[in-house]
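Visitor: Next up is a structure, given as structure tokens.
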Amino acid sequence: MGHVEAAPVVTNEEKDVSESLLGDKKVTVVFVLGGPGSGKGTQCANIVQNFGFTHLSAGDLLRAEIKSGSENGTMIQNMIKEGKIVPSEVTIKLLQRAMLESGNDKFLIDGFPRNEENRAAFENVTKITPEFVLFFDCSEEEMEKRLLNRNQGRDDDNIETIRKRFKVFVESSLPVVEYYESKGKVKKIDAAKPIPEVFEDVKAIFSSYGAKAM
């Protein structure tokens with residue numbers, strides 16, 4: 001008798017995730033990338049309000065999972081404590097779950113993919129190619145000035161940490177922007193302009209996605 005490899009068991013739950021996203025439901029995904037202080041959070045809120053997208057922040061989803069006290073959350077928390085990077089699959093599963101639960105078909109995914117590995121994993125796991133990447137382009141000087149001025153009580157807003165965050169962004173996230181640029185999928189926004197002007201540019205890009213019915 002030859003040894004027969006057992007097929008991996010796919011639980012219903014897992015099957016549903018992939019099918020709901022890829023089967024009958026065509027979803028529009030826009031990756032939102034920009035350095036710390038580029039103002040993307042403010043603009044995401046505007047896009048949600050005006051164009052009916054659902055805003056999913058990878059960081060918020062990980063934090064919420066940790067807070068929930070689930071086994072998964074504890075694992076994420078331990079990895080972060082040890083300075084390890086949370087595996088792409090973990091973040092992608094949280095994003096998929098949030099997409100399904102939202103019942104929407106238009107998503108802004110913010111702060112993800114943070115690096116090339118994230119990007120490749122997202123496309124492999126979800127089989128979704130983003131519609132485009134919304135890239136908030138802003139000089140480091142300007143972002144630094146904004147972060148130091150914004151007294152949100154974020155303890156990581158000191159000059160040293162800010163510069164580290166920039167370095168990580170340039171080394172990890174810019175290659176993602178460049179990858180999509182080579183595919184003609186990047187819509188670049190001059191994020192150094194005042195907020196209302198930036199939103200005019202954002203509106204021009206999203207106008208074809210239909211304003212949200214008020």
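Cβ coordinates come from backbone N, Cα and C, glycine included.
Not my notes, these are from TrEMBL:
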BINDING   Gly37, Ser38, Gly39, Lys40, Gly41, Thr42, Arg150, Lys193  ATP binding site
BINDING   Arg63, Lys84, Ile85, Val86, Gly111, Phe112, Pro113, Arg114, Arg154, Arg165  ribonucleoside 5'-phosphate binding site
BINDING   Asn118  CMP binding site
Visitor: What are the sequence-distant neighbours of Gly39 (ATP binding site), meaning same chain, six or more residues apart, C-beta distance under 8 angstroms?
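Guide: Phe136, Cys138, Arg146, Ala191, Ile195, Val198 - these are the non-local Cβ neighbours of Gly39 (ATP binding site), listed in sequence order.
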Visitor: If you count Cβ atoms within 10 Å of the Cβ of Gly111 (ribonucleoside 5'-phosphate binding site), leaving out that atom itself, what do you get?
Guide: 22
Visitor: For Gly41 (ATP binding site), what residues in its own chain, 6 or more apart in sequence, show a Cβ-Cβ distance under 8 Å?
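Guide: The answer is Asp110.
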Visitor: Using only C-alpha positions, which one of Arg63, Ile85, Gly111, Pro113, Asn118 is spatially nearest Lys40 (ATP binding site)? These are the binding-site residues in the record.
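Guide: So, spelling it out, the nearest of the binding-site residues is Gly111.
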Visitor: Using all protein chains in view, find how many other C-beta atoms are within 10 Å of the C-beta of Pro113 (ribonucleoside 5'-phosphate binding site).
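Guide: Cβ-Cβ neighbours of Pro113 (ribonucleoside 5'-phosphate binding site) within 10 Å number 27.
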Visitor: Most Cβ neighbours within 10 Å: which of the binding-site residues Lys40, Arg63, Arg150, Lys193 is it?
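Guide: Selected residue: Lys40.
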Visitor: Per 10 Å Cβ neighbour count, which of the binding-site residues Ser38, Thr42 ranks highest?
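Guide: Per the Cβ count, the most surrounded site is Ser38.
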Visitor: If you measure from the Cα of Gly37 (ATP binding site), which of the binding-site residues Arg63, Ile85, Gly111, Pro113, Asn118 is the nearest?
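Guide: Closest by Cα: Gly111.
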Visitor: If you measure from the Cα of Asn118 (CMP binding site), which of the binding-site residues Thr42, Gly111, Arg150, Lys193 is the nearest?
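Guide: Smallest Cα separation from Asn118 (CMP binding site) among Thr42, Gly111, Arg150, Lys193: Gly111.
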Visitor: Lys193 (ATP binding site) to Ile85 (ribonucleoside 5'-phosphate binding site): how many Å between their Cα atoms?
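Guide: The separation of the Cα atoms works out to 33 Å.
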